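Heads up: the structure comes next, in structure tokens.
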Amino acid sequence: MCLPLSSQSERLNPKKAERKTCPKAEIIVRAVLHRHIQQDPSIPARLLRLHFHDCFTTGCDGSILIDSTDDNIAEKEAPPNFSLRGFEVIDDIKTELEKVCPGIVSCADILALATRDSVAFSGGFSYALRTGRRDGTVSRMADFHIPSPSITVSQALADFQSIKLDLVDLTTLLGAHSIGFCHCGFFIDRLYNFKGTGLPDHEMDSNLLNRLRQKCPASTLQNISIDPNIFMNEGTSTPFKLDQSFFKNVLDAKAILQLDQQLAFTNVTNKIVSRYVDRPKLFRKQFSQSMIKLGEVNVLTGKEGEIRHNCRRVNK
């Protein structure tokens, strides 16, 4: 059951809730999103990543959507964001909402709602989402930070704890890697020169290693312009379904990213992973809960920020 945007008691900051609402907002978001997914089934994965990158740096304020200007280099220009996609989906949703209720629904709320519906379209559980986020007015490349896919679980946990997420959230949200694509550049060191050894990562399944080497030749290291996309959850029969198959791959040494694979090698995360493999519904339930927590990281409410007219630039 989705909470309507017009439900004042469920807004992020009910005491400062705006009087104006947009009752049809969720219907519009879902309709436009569905149209895009019909054309490109990878859209849910793209929006999940976009939302995560937005929330992790300065909070869920839509600042990842802002374009650079002559006097400012925006967050989206940071190297980890070069492969972000899905901006056009948010643009289209914003355009439709502005026709019905101009100046009411923030870009931050649009991204959160579209991501929530992406989870549901991918087979996850839908979840009630509190709204009322305001849009940030600052987006600087220098401020951007995201955990690297090559760090340890303990290092990633420190990053997650900095935004008030815990080890369960970390393990669960990495389950988003059950859908979508990944560039070879994010893991190619595991295939050829892991940690400078001149050898592949011995923790990777040998069959997976051979398949990935065929798809990601060593020449990719010298020419990132030819860096191909491969499925994040390599070998699965459900590459666009948010399910427990990612965690099974973790236990079978078939995770592509180093951080993902490390989940199998710490006592607590191994237990969580094993539990999700045995109880798929538990994973989907916890994924929704962790997404709710992520979506409320350092939000702007009340008179903070603004409601952008165009998600790619701040209001004049």
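Placed from the backbone N, Cα and C atoms, the Cβ positions cover glycine too.
Sequence annotations record features per position, and here TrEMBL assigns Ca(2+) 1 binding site to Asp54, Gly59, Asp61, Ser63, Glu75.
Annotation for His177 (heme b binding site): same-chain Cβ neighbours under 8 Å, separated by at least 6 residues, are Met232, Asn233, Phe246, Ala255, Ile256, Leu257, Asp260. Residues annotated as heme b binding site in TrEMBL: His177.
Around the Cβ of Thr238 (Ca(2+) 2 binding site), a 10 Å sphere holds 13 further Cβ atoms from the protein chains shown. The Ca(2+) 2 binding site feature in TrEMBL is assigned to Thr238, Asp243.
According to TrEMBL, the feature disulfide bond maps to Cys22-Cys101 (among others).
The disulfide bond annotation in TrEMBL covers Cys55-Cys60 (among others). Counting Cβ atoms from all protein chains shown, Cys60 (disulfide bond) has 28 others lying within 10 Å of its own Cβ.
Long-range Cβ contacts of Cys107 (disulfide bond) within its own chain (separation 6+, distance under 8 Å): Gly62, Leu65, Ile90, Lys94, Asp135, Arg308, Cys311. For Cys107-Cys311 (among others), the entry in TrEMBL reads disulfide bond.
TrEMBL lists Cys184-Cys216 (among others) with the feature disulfide bond. Of all Cβ atoms in the protein chains displayed, 21 besides its own lie within 10 Å of the Cβ of Cys184 (disulfide bond).
If you take every residue in the domain 'Plant heme peroxidase family profile' (11-315) and average the pLDDT, you get 93. What TrEMBL records for 11-315 is domain 'Plant heme peroxidase family profile'.
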Spatial neighbours of Cys55 (disulfide bond), counting only the binding-site residues Glu75, Thr238, Asp243 and Cα distances within 10 Å: none
Cys216 (disulfide bond) CB neighbourhood, other CB atoms within 10 A: 22
Minimum Cα separation from Thr238 (Ca(2+) 2 binding site), reported as the residue among recorded positions Glu75, Cys101, Cys184 that achieves it: Cys184
Residues that sit under 8 angstroms from Gly59 (Ca(2+) 1 binding site) by C-beta distance, when 6+ apart in the chain: Gly136, Val297, Asn298, Val299, Leu300
Cα-Cα distance linking Asp61 (Ca(2+) 1 binding site) and Cys101 (disulfide bond), given in Å to the nearest integer: 20
